[in-house]
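Below: one structure, written as structure tokens.
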Amino acid sequence: MRENKERNYLIDNLKVLLMLMVVFGHVIEYYIKSSDLLRGIYIFIYLFHMPLFVFISGYFSKNVEKCRVGLLKSLLIPYVFFNIVWYVIASIWTGEFIFSLFNPGWTLWYLISLFIWRLLIKYLSKIKYIIAISILGALTISIIPNSYSLGFMLRTVTFLPFFLIGYFTKERTINNIKSINKGFSFGIIVLFVGVSYFITINNLLNYKFFYNSQSYYDTGLSTLEGMIFRGLLYIATIVLGICIINITPKSKLLFTGIAKSTMNIYVFHIYLVILLYGAIPKWNMGVIRNILLLTSPLLIMYILSKKPINTMYIKIFNPINNIVYPKTLGILKKVKRLLGI
């Protein structure tokens with residue numbers, strides 16, 4: 001893989017593809033119960049899109065100190081801000097006051113989980129067999145019933161192996177992946193599409209199992225069944241992820257530049273998706289609905305990747321960071337002094 005000093009086009013293209021899957025998955029989520037086809041597609045997307053995103057985050061976290069320096073500004077403060085926004089909207093919608101920093105609104109779990117992974121990677125990377133240990137921890141934590149009460153921590157643990165794999169992955173490993181026969185990779189991907197649809201039509205697994213955010217019990221599985229299926233899911237995700245990386249172009253394409261705006265798309269797209277739910281009722285099963293479901297993710301990504309959205313994001317967080325960051329830093333320094341760190 002040729003490393004470009006400014007941008008890594010392979011990773012950029014991969015980020016755009018994965019972000020499209022994120023948006024598309026959220027667009028169809030409202031309609032999957034009434035369509036086996038959409039539910040099969042949904043399960044296929046959830047096999048790889050967030051694990052690969054987490055892998056990429058780990059891959060670009062090798063400069064530990066650089067990543068740790070910007071954690072407050074780039075992750076924690078945006079997480080708190082958007083979580084407040086989410087719960088304000090939810091409270092208005094439901095007529096009841098709802099708020100919790102430990103139960104992130106919809107997609108925001110990724111921001112706080114990434115904050116924790118990057119905060120701890122300096123120490124985790126020194127532990128022998130940490131990837132194996134993290135997988136064991138991920139298999140075990142979902143034994144806890146009603147694990148939704150754990151909030152973001154469950155996903156933080158269950159996705160940690162992918163972050164660690166990304167962190168320890170070398171450039172030569174990516175080069176080796178790119179040397180695999182493309183036809184073989186396409187074949188494996190098609191196979192997984194078929195498996196996803198087979199799971200759907202035979203009701204083999206609750207689609208919520210693929211969220212990695214609920215206990216085995218909450219998804220209708222025994223502890224043994226859950227651990228076996230979670231283990232198989234990790235294997236399938238790694239194999240599928242390798243194939244996705246292999247077929248992703250490594251040259252600059254028309255849409256490659258959208259990769260610079262993935263943060264904007266990630267935090268803002270859910271609000272456009274909610275508006276879309278109102279525009280496409282569940283009972284509308286016709287051609288128009290299907291066209292909107294296919295085209296709306298592309299439109300959402302196009303809108304949110306434009307410069308005005310990035311400017312708005314900067315204008316929101318520059319003043320907030322200027323006020324909150326120094327105070328938060330001061331508090332952390334006092335805590336460190338008290339603890340003797």
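Cβ coordinates come from backbone N, Cα and C, glycine included.
Quick look at what TrEMBL lists:
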- 9-305: domain 'Acyltransferase 3' (DOMAIN)
- 12-32: transmembrane segment (TRANSMEM)
- 38-60: transmembrane segment (TRANSMEM)
- 72-93: transmembrane segment (TRANSMEM)
- 99-120: transmembrane segment (TRANSMEM)
- 127-144: transmembrane segment (TRANSMEM)
- 150-168: transmembrane segment (TRANSMEM)
- 188-207: transmembrane segment (TRANSMEM)
- 227-249: transmembrane segment (TRANSMEM)
- 261-280: transmembrane segment (TRANSMEM)
- 286-305: transmembrane segment (TRANSMEM)
Averaging the pLDDT values of the domain 'Acyltransferase 3' (9-305) gives 93
Apart from its near flanks, which chain residues at least 6 from the ends of the transmembrane segment (12-32) lie with a Cβ under 8 angstroms of it? 38-39, 41-42, 45-46, 48-50, 52-53, 56, 107, 207, 244-245, 248-250, 252-253, 255-260, 262, 265-266, 269-270, 273, 276-277, 280, 282, 289, 293, 296-298, 300-301
Where among 38-60, 72-93, 150-168, 188-207, 286-305 do we find the most Cβ pairs under 8 Å to the transmembrane segment (227-249)? 38-60
Under 8 angstroms, Cβ to Cβ: which one of 72-93, 99-120, 127-144, 261-280 has the largest number of such pairs with the transmembrane segment (150-168)? 127-144
Check the transmembrane segment (261-280) against each of 38-60, 99-120, 127-144, 188-207 and return whichever range has the most CB pairs under 8 Å. 99-120
Which one of these stretches, 38-60, 72-93, 99-120, 127-144, has the most C-beta pairs shorter than 8 Å to the transmembrane segment (188-207)? 38-60
How about the transmembrane segment (38-60) and the transmembrane segment (99-120): at least 3 CB pairs under 8 Å, pairs 6 or more apart in sequence, or not? yes
